[in-house]
Amino acid sequence: MFSWLKRGGARGQQPEAIRTVTSALKELYRTKLLPLEEHYRFGAFHSPALEDADFDGKPMVLVAGQYSTGKTSFIQYLLEQEVPGSRVGPEPTTDCFVAVMHGDTEGTVPGNALVVDPDKPFRKLNPFGNTFLNRFMCAQLPNQVLESISIIDTPGILSGAKQRVSRGYDFPAVLRWFAERVDLIILLFDAHKLEISDEFSEAIGALRGHEDKIRVVLNKADMVETQQLMRVYGALMWALGKVVGTPEVLRVYIGSFWSQPLLVPDNRRLFELEEQDLFRDIQGLPRHAALRKLNDLVKRARLVRVHAYIISYLKKEMPSVFGKENKKKQLILKLPVIFAKIQLEHHISPGDFPDCQKMQELLMAHDFTKFHSLKPKLLEALDEMLTHDIAKLMPLLRQEELESTEVGVQGGAFEGTHMGPFVERGPDEAMEDGEEGSDDEAEWVVTKDKSKYDEIFYNLAPADGKLSGSKAKTWMVGTKLPNSVLGRIWKLSDVDRDGMLDDEEFALASHLIEAKLEGHGLPANLPRRLVPPSKRRHKGSAE
């Protein structure tokens, strides 16, 4: 099931089919959709024109939620690394949009510099103004997870009108801009503080039309007991039903997404299964990137077609000389009737039309005499794209599915969940770490506590001097650390990759667990000072 976690091929490279589909979509957009957008000023009413970076960029995940629901902690949990410039706390700590992306060195890039970078897909954020750009930044860091995806952290959503006004920019509009371009939207809720404020309701409304991308996470679920959790889950589903305008039920993942011990471990097994489901969704993003781009382009093309019919109809109804302003007001007032007339005349689905009230507001600021009449050739090219050109790309997409078995999100928490005895299915898989050789004479830092760990080791009844994965797992789970963390510890400790722990490897695992419980991080690769003395020659020869 997790075959894409196996390493192979150059990391970060896209399969040929993905590049082929992406380049074909860019060509179709430039030749058949963009001319129609420019002719009918689509960007002035909806989203601005797409650029190459919008097609070539990595899949993006948008993380949104009210303040102190654990958004930044969730991202750091996925990366198993702190994000430069981020703060974590019970108060509203993230006050800006942060694009967490891969970079060779750690650092931050301010928003004004970010929107002029042609290699980044953020150039079209410039119209939101300087107030927003001062609240937008990019955090770059070398992390394996970010080689496959980028993550957008958002400001904590507040309650009360004063906080909404004080932002100084159109927060829902910015969310809508990101929602159109990201591959996945994760809405975080706090199980211990469940509420949906007015601004959060408005923010969820801004995501309308992108419900297929939304995943809901009920975070901090380890803070409540089983019976309370069931009630919180029911209350969340009821609240979501009031603010999400679809009859379908959103997928809700329950868990505690941080690397600290579970406060109430009763539902540990549930949290493990939910985490694996969520991780599978995220891991599949690179494999389905081309399909998502195609889907979004078709969705955009259908909206552009409707927009062209609306604008050309308004142009046709305008008088040539007198009474232009009065006629404009009448047409805007009658816009719902015009929508219905266009729908019947051109056999268009009601779901393809924009929001009528918002369209009326936008039309007030435009001069109808500058609109263009219907241009059949442009619409014929668009129809050809939707009916023939897109259909020709489907075999390439199926080929991409076959070629992308080794492409997926790796590293961070995604790797730790599937290590050693923490693998849900199949035997342990040996994986190369690529550590540098160790010094045989270096002192082992675990030695001073080994007698304490040996007592625990022999109480667990090892067979032939080694603990099986199942026995070791039983003891390790008792520490209440998440499975993803314990999986990383197992990977670091099972130095000889035999799927078992001897006394030295068990002592190393215990040492790493204690370090984690004290708040320290885990190394990406095992430093030479931590390699057990008896394994140093074995490790060096294996490499």
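From the backbone N, Cα and C atoms, a Cβ is placed for every residue, glycine too.
Of the candidates S197, S404, S468, Swiss-Prot records phosphoserine for S468; the remaining residues carry no such annotation there, which does not rule it out for them. Of the listed candidates (K26, K220, K293, K299), Swiss-Prot assigns K220 to the same ATP site as G65, Q66, Y67, S68, T69, G70, K71, T72, W258.
When S73, S148, S484 are looked up in Swiss-Prot, the one carrying the note phosphoserine is S484; the rest have no such note there, which does not rule it out for them. For S470 (phosphoserine), the nearest of the recorded positions T69, K71, S493 in terms of C-alpha separation is S493. With respect to K71 (ATP binding site), the closest of these modified residues in Cα terms is S484, chosen from S468, S484, S493. Using CA atoms as reference points, the modified residues S468, S484, S493 were checked against Y67 (ATP binding site), and the closest is S484. Cβ neighbour count for S470 (phosphoserine): 8 (other Cβ atoms within 10 Å of its Cβ, all protein chains included). Comparing the binding-site residues K71, K220 by how many other C-beta atoms lie within 10 angstroms of each C-beta, the top residue is K71. In the predicted model, residues of the region 'G4 motif' (219-222) average a pLDDT of 87.
Sorted by the number of other CB atoms within 10 A, the recorded positions T69, S468 start with S468, the lowest. Per-class residue totals from DSSP over the region 'G1 motif' (65-72), listed helix then strand then coil: 2 helix, 2 strand, 4 coil.
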